[in-house]
């Protein structure tokens, strides 16, 4: 299959190159990838479906949370495999995955709603595939951007991450349109059908844009095939696999600094995910601030931090190591946890982590195997979210008016994570990575 995929991708690139100059083609591919990220976050709108699931389809909240949990598993636990496939066969394969899993899943969901089916298993399977498709489209776009602009890793990584962060805000506004509502609740049949057709179009566009990365891969790996060489004979196996991919990935897995950094990410992102998931309960038991406003503030702060830190990390990397930017982001997060209700500080820290961490990973282990390396790190949000959310739930159930113990614990965990980051940096410094 890899030969045929490479052949199709190379044909698309060759045809487009006759119509558009290479530099302009790269710009178009970059913009399409950003657009893909901008609409990739439909799964982040799951909370908007809850009332329709409960009131229209009669699902219990336990059943609804089972569906949500399966979507998270689909998103996070498949990322290491998706990353390895992207490095081996190119991000175009992930774009195809997004079409294969998004469209049938949303169409089946639409059908289940139209028949008033309460099939929890059906919804669980579909949303698990939707989570997988979300990661496929997002990762394909992220890797495409990173490979098109390898000299500006911070900006190339922060822009798609920023667009993905905005996708929830954009989707929430779109779903306010009367077209998507019936009897003052979301018409899930219409919503799911809309997303199925949307992702068919976006998936095809993403496949075209990610095919252009082949040009960058050939230049990066020194592959300059003769025009008369048959495209299907360019390579006998993985046509886009970086040099020594398997050995480098094994070295990454055996690298103590990788595990140290992973632990730090779990201790960092766990409190942030838990805060975001339980913001309604936190506000209820503290200052009672307006939930929609606080959600908007956190989302805007996170998005702004992703974009700002992406630019800042690129232009300051010659003078200041990105590790110190990460330390600042962690300190901001500690302050946010100690304040308990500061959506701004927690949003800045949350967005900053998802910008600085992948940039550091790309700098230390190489941008050409970033799919495998950063994909492996994506188990951290799943583990961290479960650990700290369960801890919050137990604390809130036992003593709803004394959440200070929870926040002291999360702040302490983030301080410990900062120590782990510095330990990893000490290892990198000894290897010669003084500024990156």
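Cβ coordinates are placed from backbone N, Cα and C, and glycine is handled just like the others.
Checked against Swiss-Prot, the range among 3-23, 66-86 recorded as transmembrane segment is 66-86. Looking at 226-246, 373-393, the range tied to transmembrane segment in Swiss-Prot is 373-393. Residues 154-155, 157-159, 161-162, 165-166, 168-169, 276, 279, 325, 329, 343-352, 354-356, 359 of the same chain lie 6+ residues outside the transmembrane segment (295-312) yet bring a C-beta within less than 8 angstroms of a C-beta in it. Contact between the transmembrane segment (347-367) and the transmembrane segment (155-175) is supported by 3 or more Cβ pairs under 8 Å, counting only residues 6 or more apart in sequence. Between the transmembrane segment (155-175) and the listed ranges 27-47, 93-113, 325-345, 373-393, 410-430, the one holding the most Cβ pairs under 8 Å is 27-47. By the count of Cβ pairs under 8 Å, the stretch nearest in packing to the transmembrane segment (325-345) among 27-47, 93-113, 410-430 is 410-430. By the Cβ criterion (under 8 Å, sequence separation of 6 or more), the transmembrane segment (373-393) is not in contact with the transmembrane segment (93-113), since fewer than 3 such pairs are found. Here the listed stretches are 27-47, 66-86, 188-208, 410-430, and the one with the most C-beta pairs under 8 angstroms to the transmembrane segment (93-113) is 188-208.
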